[in-house]
Amino acid sequence: MDRGDIEEAGEEEFPRLGGGKYRPVVAHDRAVVEMSSIDPGSSSSSSSLKKIKVVTPGEMGAGGREGHIPEDGVNGHQKESKLELFGFDSLVNILGLKSMTGEQIPAPSSPRDGEDISITQGHPKPAIKMGTMMGVFVPCLQNILGIIYYIRFTWIVGMAGIGQSLVLVLLCGLCTFLTTISLSAIATNGAMKGGGPYYLIGRALGPEVGVSIGLCFFLGNAVAGALYVLGAVETFLKAFPAAGIFRETITKVNGTAVAESVQSPSSHDLQIYGIVVTILLCFIVFGGVKMINRVAPAFLLPVLLSIFCIFIGMFLAKTDDPDTGITGLRLKSFRDNWSSAYQMTNNAGIPDPLGGTYWSFNELVGLFFPAVTGIMAGSNRSASLKDTQRSIPVGTLAATLTTTLLYVISVLFFGAVATRDKLLTDRLLTATVAWPLPLIVHVGIILSTLGAALQSLTGAPRLLAAIANDDILPILNYFKVADTSEPHIATLFTALICIGCVVIGNLDLITPTVTMFYLLCYAGVNLSCFLLDLLDAPSWRPRWKYHHWSLSFVGASLCIVIMFLISWSFTVVAIALASLIYKYVGLKGKAGDWGDGFKSAYFQLALRSLRSLGADQVHPKNWYPIPLVFCRPWGQLPENVPCHPKLADFANCMKKKGRGMSIFVSILDGDYYECAEEAKEACKQLATYIEYKRCEGVAEIVVAPNMTEGFRGIIQTMGLGNLKPNIVVMRYPEIWRRENLTEIPSTFVGIINDCITANKGVVIIKGLEEWPNEYQRQYGTIDLYWIVRDGGLMLLLSQLLLTKESFESCKIQLFCIAEEDSDAEALKADVKKFLYDLRMQAEVIVVTMKSWDIRSEGNSKEDSLEAFDAAQRRISDYLGEIKSQGSTPLLANGKQMVVNEQQVEKFLYTMLKLNSTILSYSRMAAVVLVSLPPPPLNHPAYFYMEYMDLLVENVPRMLIVRGYHRDVVTLFT
């Protein structure tokens, strides 16, 4: 890099360490190219680095002209050397800021991850962002103020009365207010991406809960579109009765002497016009989404104007002016309408003693609640907000409080301006009292409802596409779209749902359905905040401080209570639907780790449980085997897998009904710095294989200079507290004689000695290739040769084997070794009593070995005698080689080898007697369990392998077990 290059680079804006703007850093930048071409180990690279000078804009200004590079001097050299020790760490940090947003994940769970967060560097064209008013407050207000307020609110006041209407408004308002508090906390705990409440709930409660509630919320939005369409059509037919194709005259019976006829739109008209309007809105959605986003705020102006005209009209109203039943704002009307008047109505809501619908407070909650929904509109636009951390809480809370106050005031005014009969029969009383013309309210209702319907038909498909793009459910792959594409298939599907609800044609039957789905979503938001706030993980740092887990809990409980108040049947259906989706996602969905709150809860529960277990020994009643499965094979692995398949099968046999944990470890020989990446990859492969074998356990790979050192580190450090492994499981090295006469015996004996020193149980599997899998049923017996006291580990293992399908047809035989014939009967009685107290079924057989003489057995022990003679010859040859060397060799522990030939003879003779006994009684056994003798002190590892080979000779399947200094079974309850 020459000086000209430096000066050219100095004309641009360089990144500053202390703050300020950052210049874009891309792959083809000069700094990146120079870094990639520098060899850190070369001297030329270090010399070239000294010539590089980074100049900030402030320095350029101080220098008098842009691009001026100060000459090297004392001060300049000090500036250069400030961060020399860190190399390029400062530049990596700048580049790494973007990866901290989540883009560094190699396999992101969502293609949308990271799309809304970027570091603006240099001078890109600024994107148009909205503030609190237009970005949050206006959309929320537009969604909250809708059809229910115009054509159902006065009817609700007439049916429930002013008193219970206030309770109704405050109850629903409290629910949305608490939900807004929870939403504000979650929304300010980090950047929000596409998906709205689905994204919030899914990232807080996990993909299963997120998808189930997200799909229900999608259905709620789709059904809400039908609600708005029907509201617009009903208002249109009320304003222009001549436009109706069908006419229907309904007779109102109100208990008076004169029956009054009330004209109501025909349900067929609602269906026909509703389908036509839905299709027209779909065409607009297909072709003009950008135009809708531009003109959406304009839909709010007719709403505000119509509300203003309604209140002006109520102030100017007089008795029977502008219509019969209007009293003006009178205290008498207020008192008359204070109490409730629940009664039977027909399908159109007109009071009729012969009607088929009875209205109560619970039903009115379901009818009114959609009038307070829409608080998620701001959070859905988080990508378009200048400051999401401020705009979402302030704008959403302002909209919620404003509309709740408007509803409270409206209840008081509506209850005082007309008679109860007028409130119950005039479904468009808001238009009747409006000043100067009812047409203003009609236009406001139609525009507001069509705008809300258009937003539903625009937002619901995007929610469905967001769920599909997360690639959790394969069945939703049809609705996937690229980031810049329109979700046409999802829009068509949403339109079909909307048309299906429009065909129902009854507004009062649709609203409870919408209410259930919205309440389910709000409950999910509250539960998300409750869980995150209660766990209080280090990552939980919301900017919105006015929250508490108790408020979220009350909000979630209130949502559930309101659901059951409205209709327990609808509630059961909604929860059942969400549960079915949850179960389906768990069975068919793809796993995704979004750092949800449940994972944090599991982590904290595990920590609390670990602390509660303490460091003391676990009581035998609570003892569980935690096997440390040593995957390092003594030979080649079949099919190039990271662990022998039969080791995983055996690990499953050590668990009762799958309860317990196994730790699969393998040792990678080499230097840690050189093999770290290889170890990580091997650990992933081992973990995948364990999961494939359906074995509950974890995988660990340790890099060590050799197997002995690696295992010694594992046995000392693996596990936490009382969750440390208590049994070491490994394969018997049957290949040691033909592979390596020195290394394998030394390593094998060292592992056993380490286990004894660390007070760990040992289970060695001989005949691993013959071990049955879960589908291979075994018959015969499980024979236990209980020689030494092992805390009951061998007995417990035999009982665990019986719980598996492969061994459940077997019976247990317990062989005890008595040295004297006179001890046999007493020993047998004691063992039977002991097994009875342990609730174990087994046949007890006592074998005496005092008078056993190998030479008197004739040909029955021919195989054992051949193995015995061969072992004697090999040991004699080994001792001859040692003597020929002229010096006593050292053992692995540094001690001198002491060979007592008479003692060696005794050890071989003992193994011969035990092997002959096993062959005599257990040749057809499904599996044989025998106590593991400890390696004799100061004996070569080669000798111990000869002893063990003589023990396992001609036994096809054997478990060699050694317990540790504690009981794992107990006699007491």
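Cβ atoms are placed via backbone N, Cα and C, with glycine included.
What TrEMBL says about a protein is an automatic prediction, not a curated fact.
The structure displayed is predicted, hence computed values, not measured ones.
Residues or ranges marked as domain 'Amino acid permease/ SLC12A' by TrEMBL: 135-600.
Taken from TrEMBL, the feature domain 'SLC12A transporter C-terminal' applies to 645-766 (among others).
The domain 'SLC12A transporter C-terminal' feature in TrEMBL is assigned to 777-972 (among others).
Positions annotated as region 'Disordered' by TrEMBL: 1-21 (among others).
Annotated region 'Disordered' per TrEMBL: 102-121 (among others), in sequence order.
Among the features that TrEMBL reports, transmembrane segment is placed at 133-153 (among others). Through the fold, the transmembrane segment (133-153) approaches residues 227-228, 231-232, 234-235, 296-297, 299-300, 303, 306-307, 367-368, 370-375, 377-378, 380-381, 384-386, 391-392, 394-396, 398-400, 402-403, 406-407, 410, 414, 427-428, 430-431, 441, 444-445, 448-449, 451-452, 455, 507, 511 of its own chain, all at least 6 residues removed from its boundaries and within a Cβ separation under 8 Å.
Per TrEMBL, transmembrane segment is recorded for 165-188 (among others).
The transmembrane segment feature in TrEMBL is assigned to 209-230 (among others). Here the transmembrane segment (209-230) has Cβ contacts under 8 Å with residues 146-147, 195-199, 201-203, 270, 274, 277-278, 281, 370, 373, 449-450, 452-453, 456-457, 459-460, 463-464, 466-467, 470, 472-473, 494, 497-502, 504-505, 507, 510-511, 513-514, 516-518, 520-521, 524, 574, 577-579, 581-582, 585, 589, 594 of the same chain, all six or more residues outside its ends.
According to TrEMBL, the feature transmembrane segment maps to 270-289 (among others).
Annotated transmembrane segment per TrEMBL: 296-317 (among others), in sequence order.
If you look up TrEMBL, you'll see 358-379 (among others) marked as transmembrane segment. Tertiary proximity for the transmembrane segment (358-379) is limited to same-chain residues at least six positions away from its ends with a CB under 8 Å from its CB atoms, namely 135-137, 139-140, 142-144, 146, 148-149, 152-153, 156, 159-160, 164, 168-169, 171-173, 175-176, 179-180, 183, 187, 192, 196-197, 200, 224, 227, 340, 342-345, 385, 391-392, 395-396, 399-400, 403-404, 407, 455, 508, 511-512, 514-515, 518-519, 521, 562, 565-567, 570.
If you look at the transmembrane segment (391-414), the same-chain residues 6 or more away from its ends with a CB under 8 A from one of its CBs are 130-133, 135-137, 140-141, 144-145, 149, 153-154, 157, 162, 165-166, 169-170, 173, 176-177, 180-181, 183-184, 187-188, 192, 307, 311, 314, 329, 334, 371-372, 374-375, 378-379, 382, 385, 423, 429, 544. Among the features that TrEMBL reports, transmembrane segment is placed at 391-414 (among others).
Marked as transmembrane segment by TrEMBL: 434-454 (among others).
Taken from TrEMBL, the feature transmembrane segment covers 489-510 (among others).
As annotated by TrEMBL, transmembrane segment applies to 516-537 (among others).
What TrEMBL records for 549-582 (among others) is transmembrane segment.
As a whole-number mean, the pLDDT of the domain 'SLC12A transporter C-terminal' (777-972) in this prediction is 79. Note on the transmembrane segment (296-317): residues 134, 138-139, 141-142, 145, 150, 326-329, 406, 413-414, 417, 430, 433-436, 440-441, 443-445, 447-448, 450-451, 455 of its chain, located 6 or more positions outside it, place their CB under 8 angstroms from a CB of the stretch. The stretch from 270-289, 434-454, 549-582 with the most CB pairs below 8 A to the transmembrane segment (516-537) is 549-582. Listed as Cβ neighbours of the transmembrane segment (549-582) (distance under 8 Å, sequence separation of 6 or more from its ends, same chain) are residues 171-172, 174-175, 178-179, 181-182, 185, 208-209, 211-213, 215-216, 361-363, 365-366, 369, 512-513, 515-517, 519-520, 522-523, 526-527, 529-530, 533-534. Sequence-distant contacts of the transmembrane segment (434-454) (same chain, six or more residues past either end, CB-CB distance under 8 Å): 142-143, 145-147, 150-151, 224-225, 228-229, 231-232, 235-236, 238-239, 277-278, 281, 284-285, 292, 296, 299-300, 302-303, 305-307, 309-310, 312-313, 316, 428. Within the chain carrying the transmembrane segment (270-289), a Cβ under 8 angstroms from the stretch's Cβ atoms is held by residues 225-226, 229-230, 232-234, 236-237, 245, 450, 453-454, 457-458, 461, 486, 488, 491-492, 495, 498-499, 502-503, 505, all 6 or more beyond its ends. When DSSP labels each residue, the domain 'SLC12A transporter C-terminal' (645-766) comes out as 63 helix, 29 strand, 30 coil, counted as helix, strand and coil in that order.
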